[in-house]
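Accompanying notes for the structure given below.
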Amino acid sequence: MANSGIQLLGFFLSLIGVVGLIVGTILPQWKMSAYIGDNIITAVAMYQGLWMSCAFQSTGQLQCKIYDSILQLDSSLQATRALMIVGIIVSIAGLGVACMGMKCTTCGGSDKLRKSRIAMTGGIILLVGGLCAIVACSWFAHNVIRAFYNPYTPVNTKFEFGAAIFIAWGGSLLDVLGGTMLAASCPRKKQVSKYPPAGSSRAGPSSGTKEYV
C-alpha cells in the first residue's frame, strides 16, 4: 500500500507540474519592465514572454503583439522555447508511461514487477522533461540578470523577473519531484539464498544410500 501511495503522489505532483509548465510557457510575463531610476513613475508596464510582448497601460488596457518572425528572435529565446516545448512533450509522455505501470491501473498487464518497472521508466522520463524545463528557465533568468546589471543597458529597457518564469520554475520542480518518487517506487528483487534448505541436505544422504544383501 505504501508503494502504491508513493506512485499516486508522484503522479499527481508531476501532473500539477506539467500544468504549471504549460501555463508558464503560454503566459507573456517572463520578464517585466524594472522600475528603477527615472523609470519609477511610468504609465506603461512592458511584459515579454516566449511568444509575445505586451504593454499594460495605467488605464487598464492590455495590448499584446505576437512575435512576427522566429528568425529575428534572439538565439537564447529560441533555445528557451525549444527546451520548454521538449520538456512539456517529454513530461506528457512520461505521465502516459507511468499511468500504465501504476498499481492502481489495470493496463500494462498483471505482473506486479513488470508494472513497477514501467512506472519507474515513466518516472525517469518525467525527470528528463523536468530537467529540460529547469535548464530553460535558468538560462532565461541568467540572461535577464546579465542584461539588468550590464552598465551599458539603458535604464528604461531593463527588465526583471515576471510571474510566468516562477510558475514555470515551480512546475518543473514538481515535475522532477514526482518523477523521482515514481522512479524510486520500483521494488527490489527478493534475494534467493545460495544454500539449500536444511531439510533437503539431511534427506539427501539417506535417499542416496543403497542396501546390499
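For all residues, glycine too, the Cβ spot is worked out from N, Cα and C.
So that you can see what the record holds, here are the features copied from TrEMBL:
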TRANSMEM  6-27  transmembrane segment
TRANSMEM  39-59  transmembrane segment
TRANSMEM  79-98  transmembrane segment
TRANSMEM  118-141  transmembrane segment
TRANSMEM  161-184  transmembrane segment
REGION    191-213  region 'Disordered'
COMPBIAS  196-213  compositional bias 'Low complexity'
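Stretch with the largest number of CB pairs closer than 8 A to the transmembrane segment (118-141), among 6-27, 79-98, 161-184: 79-98. With a cut-off of 8 Å between Cβ atoms, the residues of this chain six or more beyond the transmembrane segment (6-27) that come close are 49-51, 84-85, 87-88, 91-92, 94-95, 98-99, 102-104, 119, 123, 126, 129-130, 133, 162-182, 184-185.
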